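K.L.:
Provided herewith is a single structure, encoded as C-alpha cells, for subsequent inquiry.
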Amino acid sequence: MSVAAPEANGAARPEAFDPGSGLEAMLTVREFEAVAQRKLDPVHYDYIAGGSRDEVTVRANEDGFGRLSLLPRVLRGSAQRDLSVTLFGGQSSMPVLISPTAFHRLVCAEGEIATARAAARAGTIMIASMASTVAVGEVAAAARAAAGDGDPTLWFQLYLQPDMDDTTALIARATDAGCRALVVTVDSPVLGANERNQRNNFDDLPPEMACENLRNLRGDEPGNVRQIAMSPELSWEHIDWLREHTRLPILLKGVLHPEDARIAIAHGIDGLLLSNHGGRQLDTVPATIDLLPEFVAAVDGSVPVLLDGGVRRGTDVVKALALGAAAVGVGRPIVWGLATAGEEGATRVLELLRDEVDHTVALCGARGLADLTPDLVRPAAGSRR
Ligand SMILES: Cc1cc2nc3c(=O)[nH]c(=O)nc-3n(C[C@H](O)[C@H](O)[C@H](O)COP(=O)(O)O)c2cc1C
Ligand SMILES: O=C(O)C(=O)c1ccccc1
C-alpha cells in the first residue's frame, strides 16, 4: 500500500504555481489571489485587496454567500445547459460580467487591452472603468480585434462630473468607442477611506501611467487621477440630465437602499448594479447578496438587477441568480488574473467561473438559468471559510 506524501494531498498549493507550467494548474479563483499577492508590489496589492476603514463590508460580501446553502432538485436536468444572458440587446455567453476596476496597467503591462481581449475571448461583457489606464477607444478596438467574428460588448463606467461639459466629453468618448451602456457609479459622493492606501502613501499612479480617458478631455489635461471629481452634490437632477443627453442604456451602480431603487426606476434608468463597491466606500454596509431579495422585490421586474461583491465561486453566481439577479460582476478576481498572467490569467479566471457555474447548474438539476429559482437557496449555519 502506498502512502501519499503529506504535501500531495490535493490541497491548493498556489505557492507551487509556475507560470511556465501552464495556467491549467490554477484550479480556483482563490489561487489567483495568492499568486497575485506574491507577484505584486505590496502597495499595489493593498490598493486592490483593500476596502474602507475596518473592511467589515469586504469580508461580509464573501461571508454572505457562505451563509447560504443550495438545495438542488433531482431528475430534471439537461446535458445542454445554455448559460448565456441578453442584457440591453447585447449577449454575454455567461452570467458573469467584468465589473469596472481602475488602473489595470498597475498589474500588467498591457493593462485594459489584456482585459478586453480576455472578455472578448470569453464572450462576456466588460465594463471599462472611467479610471482605466488605456483609453476606452483602444480598449474597444482590442476587444473587436480579439472577438474575430464575434460582437463584443463593452460598457463604460462613469463618475458623473459636476462640470457637465466634462461629463459630456466623457460620454462622447464612450459612445464613439462603441460602448453599449453607461454604468453610472453613484456610491461615491466622496472618496472611500482606504487606510491601507493612507499608510502606504498610495495616492497616485506611477509617472508612466495615466487615466487615459481624462487626457486632453477638453484642453491639455494630463490624465491625472485627481481630475476625477467626486461630488456630494450630485442629485437625481443629474440623472435626469444624463437621460436627456444619451441614448445609451443607463445603469446605476451602487444603489443599495430599496427606496432608492424605486426612485431610480421612476427616473427612467434601464438597469441597476447592486454593489457596495467591493466594500471600498461606506464601511459596514450589508453584503450585497444579503440585500438582494429585498432589492429585487422593490424593483419588481421593472429593470434587470445585477450584483457584484465577493463572487468567487460558481455556487456564488448560482445563488445570486436564484435570488433574482440577471447576472453578476467580478472585480478583484479579474485583477488577480491579470496580475498572475495578463490576458491569459484573466481568461483562465473567466473559464474557471464558467465551468463552475455550468457544473453547479447541472448539480442543481437545472436545465439553464431560468430554472434557478429562490427556493433553491436556504440559510446555512456557519461560514464556508
Ligand atoms: C482595485 C479596484 C478598483 C476599482 N475601481 C472601480 C472604478 O474605477 N469604478 C467603479 O465604479 N468601481 C470600482 N471598483 C469596484 C468594482 O467595480 C466592484 O464593485 C467590486 O470590485 C466588486 O467586488 P469584488 O472585488 O469582491 O468582486 C473597484 C474595485 C477594485 C477592487
Ligand atoms: O479604487 C476604486 O475603488 C475606485 O473606484 C477608483 C475611483 C477613482 C479613481 C480610481 C479608482
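Glycine is treated like the rest: Cβ placed from N, Cα and C.
Any TrEMBL annotation is an automated prediction that lacks curation.
Taken from TrEMBL, the feature domain 'FMN hydroxy acid dehydrogenase' applies to 21-382. Per TrEMBL, the feature glyoxylate binding site maps to Y47, Y159, H277, R280. According to TrEMBL, the FMN binding site annotation covers 100-102, S129, Q157, T185, K253, S275, 308-312, 331-332. As annotated by TrEMBL, active site, proton acceptor applies to H277.
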K.L.:
Less than 6 Å between Cβ and the nearest atom of ligand 2 is the rule; apply it to the binding-site residues A102, K253, R280.
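P.N.:
Near the molecule: A102, R280.
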K.L.:
When you rank P100, A102, Q157, D308, G310 by Cα distance to Y47 (glyoxylate binding site), which of the binding-site residues ends up on top as the closest?
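P.N.:
Closest candidate to Y47 (glyoxylate binding site), judged by Cα separation, is A102.
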K.L.:
Can you tell me how far the Cα of Q157 (FMN binding site) sits from the Cα of H277 (glyoxylate binding site), in Å?
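P.N.:
Cα-Cα, rounded: 12 Å.
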K.L.:
Around the Cβ of H277 (glyoxylate binding site), how many other Cβ atoms lie within 10 Å? Please give the count over every shown protein chain.
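P.N.:
Neighbour count, Cβ to Cβ under the 10 Å cut-off: 24.
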K.L.:
With an 8 Å cut-off on Cβ-Cβ distance and a minimum sequence separation of at least 6, pull the same-chain contacts of D308 (FMN binding site), or say none.
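P.N.:
Expected: S99, L273, L274, S275, G278, T288, V328, G329, V330, G331.
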K.L.:
Tell me, in order along the sequence, which binding-site residues from A102, K253, R312, R332 have their CA within 10 Å of H277 (glyoxylate binding site).
P.N.:
K253
K.L.:
What kind of secondary structure is R312 (FMN binding site) part of, going by DSSP in three states?
P.N.:
coil
K.L.:
List the Cα distance (Å, whole number) between R312 (FMN binding site) and Y159 (glyoxylate binding site).
P.N.:
26
